[in-house]
Every structure is written in structure tokens, then in C-alpha cells.
């Protein structure tokens, strides 16, 4: 009888080891797949600071908004005016910033506080601004931003729950690019 019990215990131990081995091998497959999906498709990010108020983080001192950043949609640098995007900061490559696209390559922009009053956005660049004028480090501080720094497009506010919504492109009042005729004046 003891021999039989020992046999069952050995069998259970062997099954337990197989389970752990299967779990570990699955883990080592799942983690790289998950990281790849997050890197290529989308991930979530908390928006800190006041630079995008009132659209993001509208309540001072309240919880920060958390947005879904769509990486897939920007893989070919397909963004439009009014999109809220995440870019690697031109001033600090270890930091990502979130701003609104005001101008695309070729657009003429009336700047708010840049060294030149008017700027033509060069090929391969964007003009980005925070919604909270005067409280944002954006293109008015560092100029047009290379498309190569583009990291993702904010597609949804996912936290807090009372702010759940899809983010639609929109430009703040009086921030549209200038018309060619207007620029010629």
C-alpha cells in the first residue's frame, strides 16, 4: 500500500513539474508577444500636468486622465490637424509629451510666441501645441517637431470612468493654418 501511495505522489509531483514547465514556457512566449503588441498597436499613458487643459485633466487637483495611445495609426506618420499625439520631447529624449497637432508639413502657422511670427512647417515635421496657452512647452518654444519623434495618437480617454470618450480631432479657435492668400499679404 505504501508503495502505491509513493507512486501516486511521484506521479503528482511529475504532473506538477510539467504544469510549472508549461506555465513558464508559455510565460516566455506570452511576454514577448504582449510587449510586441503593445509596442506596435497601442498602450495606455497617464497625462500629467496642465498643458492640455481644459480638454485633458480639466479638474485641477483631480485624478489625471489616462488615454489610449494608438501606435498603429501613426506607423506611416498619418496624422491630421487636431489630433492629440504623443511625441518624444525634442528637449529631453527620455520624456514623452502629449500635444495637439496644429499644422502639418507645408502649412503656414501664425505662432504664439516663437522667434518668428510666421512659420512654414518643413517637410517631415509637425507643429504641435498644448491647449493651455502659456502653460505648455510646445512648438512655440522649440519649433516644428520631426515626424520621427511621433510616438502615438490619443484615441480615447479611458480613465477616470466619468470621462470615457473617443477623442475626435479638433483645432482650438483661431489656430487653423493660414491660407496661401492670407500668407501672401
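Backbone N, Cα and C atoms are what each Cβ position is placed from, and that goes for glycine too.
A TrEMBL annotation is a machine prediction, not a hand-curated record.
Keep in mind it's a predicted model, so treat the numbers as computed, not measured.
Annotated features, as they stand in TrEMBL:
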{"type": "TRANSMEM", "residues": "20-38", "note": "transmembrane segment"}
{"type": "DOMAIN", "residues": "23-110", "note": "domain 'Peptidase S26'"}
{"type": "ACT_SITE", "residues": "51", "note": "active site"}
{"type": "ACT_SITE", "residues": "99", "note": "active site"}
{"type": "DOMAIN", "residues": "116-159", "note": "domain 'Peptidase S26'"}
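Within the chain, the domain 'Peptidase S26' (116-159) has long-range Cβ neighbours (under 8 A, six or more residues past its boundaries) at 42-45, 50-56, 63, 65-71, 73-74, 77, 79, 83-91, 96-110, 165-167, 172, 175, 178, 183. The average pLDDT the prediction assigns to the domain 'Peptidase S26' (116-159) is 95. Taking H, G and I as helix, E and B as strand and the rest as coil, DSSP gives the domain 'Peptidase S26' (116-159) the counts 7 helix, 20 strand, 17 coil. Separating the Cα atoms of residue 51 (active site) and residue 99 (active site) is a whole-number distance of 8 Å.
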